[in-house]
């Protein structure tokens, strides 16, 4: 193996270690997002607010597994494993790029749909539906759709109490913002992070694909 091939080998190994860490980070970010939303999900026919966090966790798991095996294939200098790894990286590049482009193109529409999800929760905030606003108010420390003034009797969840029989004090709920804006702001900040990080990761994956192809070609010529 010549000097250039050896350089590609160790660069790939280092980048794979970075991607292993990146995969773990995506899993953690997705898990935190799911945990933050609590039990708040979509209704029949509505937008599933847990779809993106779950997708992030899945992408993180796939990235971790591919990068881990990439490390093994690179160190063992196996041309077949390195070629398969390059193909996996090309597929990941396409998926990451598609996700980034979709979020850039549909960001406003997506945020609007998140606002509508809260509107629907407010419209169906009754015992038959299990008081969906409670989950939102507990998770985002907010009150009402646009504010506590919308309630005739402010529920205990506006004060962070899970027991609906507790009395919510005005000193607490009067300081809490409306849930619609809080929920949209939460997604706005996270989609900004996701779309830029997805684009950067996609470019790294393209570079790794090119280096993997070069390294696999050099391995076959030995």
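Any Cβ shown, glycine's included, is placed from N, Cα and C.
Positions annotated as transmembrane segment by TrEMBL: 12-38, 50-72, 84-105, 193-218. TrEMBL lists 142-179, 143-158 with the feature disulfide bond.
Against the transmembrane segment (12-38), stretch 50-72 has more CB pairs under 8 A than any other of 50-72, 84-105, 193-218. For residue 143 (disulfide bond), the same-chain residues lying six or more positions away in sequence with a CB closer than 8 A to its CB are 137, 151, 154, 158, 173, 176, 177, 178, 179.
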